[in-house]
Amino acid sequence: MSTQKPILRALAGETLPTPPIWMMRQAGRYLPEYKATRAQAGDFLSLCYNPELAAEVTLQPIRRYGFDASILFADILLLPQALGADLWFVTGEGPRLSTVTTADELKALKPVSAIHDTLSPIYETIKLLTGELPDDVTLIGFAGAPWTVATYMIAGQGSPDQGPAHALKDTDKAVFEGLLDLITDGTIEYLSAQINAGAEVVKLFDSWAGSLMGDDFTNYAIKPMARIVAALKQRHPDTPIIAFPRGADERYIGLHDAIGADCIALDDGVMAQWAADNVQIDGCVQGNLKSSHMVTGGDTLVSETRRIVDVLKGGPHIFNLGHGITPDADPQNVQLMIDTVREAR
Ligand code: CP3
């Protein structure tokens, strides 16, 4: 039997008797110890850029629950900031950024070579974590996928339908595609630096992929991710990559190959059995449990967890939620989910 870490075995295509488990947003506001460390840092961005405290919050869910993976504590919007966008968070509302919607604003952004000036504390966090994580726990780095990052840079905030980004795509394709290219190039350098610092796996979050229709989905969600994956595979052939094109629906079919990813993360909008038949046949899958079960708990949480484990047991599978855990989740429900996944072990 391989001595590799469980997550790396699943990502290599191995079908394990018990799926390894981690959770999107596992370090977050549902945990009292997270809130305490964030208060110590002052605010969310200060926490992201403080390597000691960012490493501390990354480790908190590992200590409390013994997850099989830790995910670097940072945010997908740090890259726009490193490219020169202003970024701040409004409590209770979310992120705000200076917008990029004109050729002049695009030109005013910094070159990709400048991003490390801002992002070096993130690499420092990774270096600290490589010395502190338990031997069997995998360290996952991440970035936003270009389309999702662009939706925030164009709108200057989260937008329910990504309307401003769709509008720019239709009114000034050159600026839209120029921005997407810059983010794509920046993401390659950012993730490559994360891997050099010690990230063992990287994940691309395309949270808003689902709003791209027709050829736009291929051109603006899949192609930029495929370009990032190809560049990373050339430089770091042994580093597995997870892609999360949220909302892809039936377009989840064939994405392992189209993106070149080792694992496709599923949201909670697809049926697990459908994913087993249509997506897992091509490689490792991750995700699918509705994050609302972390709020409601009980027998339904247990039966839904068992169902997903059972339906996906015939192939490589990493247990996870279909989206990030929410601040109103009960920490005890996370333990119940983990115990249920591992009950047969
Ligand atoms: O998963 C993890 O534990 C790692 C850290 C992580 C965060 N954000 C920390 C965070 C990761 C992987 C992200 C990804 C991220 N950030 C995404 C993609 C995944 C998704 O959720 O769709 C997006 C779209 C963002 C942008 C972002 N960051 C938004 C829209 C918000 C505000 C929403 C909210 O929950 O308040 C954030 C803030 C943020 N990022 C928090 C955390 C723990 C909450 C900040 C706080 O402590 O107040």
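A Cβ is built for glycine as well, from the same backbone N, Cα and C atoms used for every other residue.
All TrEMBL annotations are machine predictions without curation.
Per TrEMBL, these features apply:
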type	residues	note
BINDING	ARG25, GLN26, ALA27, GLY28, ARG29, ASP75, TYR152, SER207, HIS323	substrate binding site
DOMAIN	20-29	domain 'Uroporphyrinogen decarboxylase (URO-D)'
DOMAIN	140-156	domain 'Uroporphyrinogen decarboxylase (URO-D)'
SITE	ASP75	site 'Transition state stabilizer'
Span of the substrate site, taken as the largest CA to CA distance across ARG25, GLN26, ALA27, GLY28, ARG29, ASP75, TYR152, SER207, HIS323 (Å, rounded to a whole number): 23
Fewest other C-beta atoms within 10 angstroms, as judged across ARG25, ARG29, HIS323, which are the binding-site residues: ARG29
Distance [Cα-Cα, Å, rounded] between ALA27 (substrate binding site) and ASP75 (site 'Transition state stabilizer'): 12
Integer Å distance between the CA atoms belonging to ASP75 (site 'Transition state stabilizer') and HIS323 (substrate binding site): 15
Summary of DSSP states over the domain 'Uroporphyrinogen decarboxylase (URO-D)' (20-29), given as helix, strand and coil counts: 0 helix, 1 strand, 9 coil
Proximal residue to ASP75 (site 'Transition state stabilizer') among binding-site residues ARG25, ARG29, TYR152 (C-alpha distance): ARG25
Three-state secondary structure, TYR152 (substrate binding site) (per DSSP): helix
Neighbouring C-beta atoms (10 Å sphere around the C-beta of TYR152 (substrate binding site)): 27
